[in-house]
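Down below is the structure, laid out as structure tokens.
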Amino acid sequence: MLSPTTLARSSLEEMLESLRLRDNSDWPKDLPPALPSRPPSRARIRSGRWSAQPNFNTDSNSESGGEGQRKENELRVKRNPFWNKKRRKDVNVDSPYNVVAVEGIEGEERVEETGVLEGSDNIGYFIEKKLRVWCRQSNGVWVSGTIHSTSGEESFVSLANGNSKAGPILIAVNPFKDVQINGKDIVTAYKQKATDKPHVFAIAENAYNEMMNDGVNQSLMISGESGAGKTETAKFAVQYLAALGGGNVGIECQILQTSCLLEAFGNSKTSMNDNSSRFGKLIEIHFTAAGKICGSKIRTFLLEKSRVVQLANGERSYHIFYQLCAGAPQALRERLNLKMANEYNYLAQSDCLVINGVDDAQRFLKFMETLDIFQISKGEQDQAFAMLAAVLWLGNISFHAIDYENHVEASNDEALINAARLIGCEPHELKEALSARRIQTEEGNIVEKFTMQQAIDTRDALAKFIYASLFDWLVEQINNLLEVGKQHTGWSISILDIYGFESIKKNSFEQFCINYANERLQQHFNRHIFKLEQEEYELDGIDGVKVDFADNQECLDLFEKKPIGLLSLLDEDLHSPDANDATLANKLKQNLNGMACFKGDKGRVFGVRHFAGEVLYDTNDFLKKNQDSLNPELIELLSSCNGQLPQLFAIKMLNQTLEPATSLDSPNQSVSAKFKGKLFKLMQRLEKTKPHFICCIKPNRKQLPGMYEEDLVSQQLRCSGVLEAVRMSRSGYPTRMTHQEFADRYGFLLLETNESQDPLSISVAVLKQFNMLPGMYQIGYTKLYLRIGLIGVLEDRRKQVLQTGKYTDEANKGSTLLTAIIGLQSVIRGCLVRKHFSNSHKLIPLRSKQKLDIPNEQSSAMAELQRRVVDAEASLGQKQQENATLQEQLQQYEAKMKKMDEQLQQSEAKMKKTEEQLQQSEAKMKKTEEMLRKQTAPLQASLAAAKKSEGSAMAEVGGRENGVSSLVKEFEQQKQSFEDDINKTTQPASNMNSYEELRKLKRRFRAWKKDYKVRLKETKAIVRKHRHQDSDKTQKKWWPNRGKVLQNCGKSPS
């Protein structure tokens, strides 16, 4: 009989017991959990049963509560004295749980359990550590679950839900055609868990479940370049969440309709996309404790206001302008004096007025219906349309010169009159505000007339301000209607649809801000995927696996660093009166050329090496777009208008002027500073949520269905960080299989099988049977983690076994091998019995001995066979040891090579930097040499003139000829000496102190020049004293020039 202490425990029990001991400081903290070992076979332990067995009641399909309650699988565990007593002797421990399916009530499954951990504190420990337990269902499938709580003699265990395939990243490809995968029937299928294929609905379902189960806010982050389908994907996510939150009635319907209004005011046709979002938005959907939608809020970021007044060829302004011109009713057209789109300068400048396959008039009718859904009154609608028409008429206002100083004023034409009427002011008031501005001085106000460019900029600034204010007003109206109710619990799911990374032919301030935002979001993505990868190992009980990731902090430092960063330098130039776009570019290059992610270029162009690739930016209009100011005269004009909306816009602007200078709403803040502040608030909000990522892919540039451009798709996967996430996964244990999947696929390879073994034990047994190295795999609570290549070895062995026919039926788990072993055992037992019988009886006839010769020969053959098997095993073990040694050596060599490569790269970088310094020093020395030669040339000419003049005075000067000649000779010698020294110093082979030698040479030149100047002056006085009148005339011609030359020589070389 076996005592309870000698009973073998299952692999799961050993692992959990080791974890408990380690947490209680009985196990060294630096050691990983004990690897689970394969349980003993059934033949080694007598079969037996527990005298008292707890029962499981599994509710697999029950649904409690009303509509909106989520399904949950629970196990009800009956507690009895078994949990507080030691095991009995007659026990069969083949797996953690030996179960027998028992028919229960309808919709339930009753399971008997016969093996749980010892000790009275196990249940409490399971609940505290949230450890998993195994249960085997009646269909033979093992599932893991977590004990959540106990009540009396019952424990509640939730089974793991393995239906969803929603991973950390969903790749959504734009089909460029209508596909029937997002209809109501598909929504129903995912709600009822009838399908689990990767889909936007699966991501939304997963986020909803985690919010309801864990009480943690969720976020769906949708990324991708323009034309990849981000806007449509966001609408599908909202559609599914609205269906989960109670159907398309009431507030759910209004949330779905917000896209119609926002797309009309915030989307336009670009060169890359016919419906490109030119603003970023965060849609927050709030839920009650019962999972019902109770409200929503929309936050917007950086509307591209410049698109209102300036368009590239082939692009359109915002959709609402074209929809208004094409679909406005006759009565509305007459009130607004509205014309067709081609008659407005703002719209006609790009030669693109329509989109193929889009009916703007029909879209306008739908837009009007949506305004009614959001309960916007007819009066407010008319005022909004009047503001839109006023923007169009402002673009048609022209200016004419009024003097010879290029001052202009607005023309009294139809455009001025209609714009003034629609805004609600007099034409002359609008004319004055667009033609001049008042400057306050100590002596009073001074009126300054505008030039043509100033007047156009003022007109465009007013148009952009009105449209941006109208957009903000519309978003505010939507939020007022979708305001969160009193049942708000703080639970929410946020959907981020923001502009993707952009790199076009001419990248301006808008692309600069867009790509900066994408850089910040990319870091959030990279760090979350890294954190998710690390947490997966930790939650499954695997320690010591380090995961590295590519960080783009250097690029973010280039943007955000103070005081030397792109944003800081850009804001600094706003306060400089002499700053312009060209000086801004030069300033950036002077201060940022040393940063790795910055690249200087010609003219006003500079480059930034983003995570997604290098982008060249043109600083043209950077300062103007960053300041985005509005003249006080225009604000005063709007505040005095008759219309309600213009007054509201002006009051909001005046209130912002009262805000502190550091406030994001203050007009003193630059556009980039406001955008950075909003971006930081967005990141703080996202950090408090659990993100789910959807990467939208544009398959081709022509926007045609069924066409894939491999290079374009690869570039998008790389730019979005998907390839980095794959690399991060492959650096650890990329192949991951649940124990159930691994056991089902490779369990039949075991030489000894047991039907009731748990999947974990089978998985470990397979790995041990094939002598897999411990560093090639990790065993978690629920999964096996395998290195690259290990699964291929198992697949090859599996194919080999299936092809040889040894295991024709995988379900029998090695029954053919068992039959062969039993047959061999029968023969051996027969031989041993006959041998024993022969040795026990000495008096045996000769005939009997002859008959026993055959068994003796068979026994000898078996011994020889066993000896060969032992030798083969020994040889195999030696080879495996040699392979392990070689593998360690290979890893050491690879590490050394990697280290040498890094050192080589560092050396190359230092050499390159030294070479650049030498080139700079050489350039400076050449420049200095050239300046020295230029300064000595006039001196040489002056001495030549003096020598020539000396010839006429030699007869009278007499013995003083030698004085002048010596000065000339000395000058020639010193000149040659200085030139030789300069050439020697500026040679490329000279050392790094050549610049210091050049400075010493300059000081020596100055000392000689000073002394030479004195002696030359003395000689001049002597010659002048003895020169006759003709010599005096000659002296006047060259001596003043000599003075100028000496003055030039007095300037030291730079």
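In case you wondered, yes, glycine gets a Cβ from its N, Cα and C as well.
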Annotated stretch (region 'Actin-binding', per TrEMBL) among the listed ranges 564-586, 679-701, 932-954, 1001-1023: 679-701
Greatest C-beta neighbour count within 10 angstroms, which of the binding-site residues GLU225, SER226, LYS230: LYS230
List of residues, in chain order, with Cβ under 8 A from that of GLY229 (ATP binding site) and at least 6 apart: ALA172, VAL173, ASN174, CYS696, LYS698
Among GLY224, GLY227 [binding-site residues], residue with fewest other Cβ within 10 Å: GLY227
Summary of DSSP states over the region 'Actin-binding' (679-701), given as helix, strand and coil counts: 9 helix, 8 strand, 6 coil
Other residues, Cβ within 8 Å of GLY224, GLU225, SER226, GLY227, ALA228, GLY229, LYS230, THR231 Cβ centroid (ATP site): ASN174, ASN273, SER276, GLY500, CYS696, LYS698
For THR231 (ATP binding site), the number of other Cβ atoms found within 10 Å of its own Cβ: 20
Listed in sequence order, residues with CB under 8 A of ALA228 (ATP binding site) and six or more positions away: ASN174, GLY500, CYS696, ILE697, LYS698, GLN716
